[in-house]
Amino acid sequence: MQLKRVAEAKLPTPWGDFLMVGFEELATGQDHVALVYGDISGQSPVLARVHSECLTGDALFSLRCDCGFQLEAALSHIAEEGRGILLYHRQEGRNIGLLNKIRAYALQDQGYDTVEANHQLGFAADERDFTLCADMFKLLNVEQVRLLTNNPKKVEILTEAGINIVERVPLIVGRNPKNAHYLDTKAAKMGHLLNSKPAE
């Protein structure tokens, strides 16, 4: 187990009241958060989203990505379901960090795509470690998940880490002229399962 559960408190949101559970990585002290809605106990699969931190999209309303749109849609879907979990995975910029993400944005402004920009900075296309999220699910006593994601890699890694993903639930929102090339690159080069739905 790479994490420990350290704190929890109620978190009222526009979609309802969640329980915010804080975790800490044993090796680094890095914190991560789960938002739990309703009663997630029992054997029924739980609707869940693993959402990687994106300051620009989640908090600063950036149109360069679909992250903020996905965060809101996931919380809404979970509340409508009546039970579920959102894991807020503190690995900014696909785990290259905020400042390197800004550097990657600058390269994208020069014509590189999101994958090429990471490579120019010496990083893989995706540096995230989703095994931490498997530990978070286990600490919440959740073994079966209906995962809100367009990323097959998340399904594969969580499955390998012992989480039973019984269904992948698409979460396709937020496409706009500012992020269309970014989303097309994620589909073409990173295997994300996206279609050409217009902006919502």
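Using N, Cα and C of the backbone, Cβ positions are placed for all residues, glycine too.
Here is what Swiss-Prot records for this protein:
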ACT_SITE  Asp126  active site, proton acceptor
ACT_SITE  Arg128  active site, nucleophile
BINDING   Arg49, Val50, His51, Ser52, Glu53, Gln70, Glu92, Gly93, Arg94, Thr114, Thr149, Lys154  GTP binding site
BINDING   Cys54, Cys65, Cys67  Zn(2+) binding site
Secondary structure of Arg94 (GTP binding site) (DSSP, helix/strand/coil): helix
Those recorded positions listed as Arg49, His51, Arg94, Arg128, and which of them has the most Cβ atoms within 10 Å of its own Cβ: Arg49
Protein Cβ atoms within 10 Å of Cys65 (Zn(2+) binding site), excluding its own: 19
Cβ-based neighbourhood (8 Å from the centroid) of the Zn(2+) site, residues Cys54, Cys65, Cys67 excluded: Ser52, Thr56, Gly57, Asp58, Ser62, Arg64, Asp66, Gly68, Gln70
Rounded Cα separation (Å) that holds between Cys65 (Zn(2+) binding site) and Asp126 (active site, proton acceptor): 15
Packing count at Asp126 (active site, proton acceptor) (other Cβ atoms within 10 Å of its Cβ): 19
Intrachain C-beta neighbours of Cys67 (Zn(2+) binding site), sequence separation six or more, cut-off 8 angstroms: His51, Ser52, Cys54, Thr56, Gly57, Asp58
Count of other CB atoms lying within 10 Å of the CB belonging to Glu53 (GTP binding site): 20
Sequence-distant neighbours of Glu92 (GTP binding site) in its chain (C-beta under 8 A, six or more apart): Ser52, Glu53, Cys54, Leu55, Leu98, Lys101
Cα-Cα distance linking Arg94 (GTP binding site) and Asp126 (active site, proton acceptor), given in Å to the nearest integer: 5
DSSP-derived structure type at His51 (GTP binding site), helix or strand or else coil: strand
Neighbouring C-beta atoms (10 Å sphere around the C-beta of Cys54 (Zn(2+) binding site)): 23
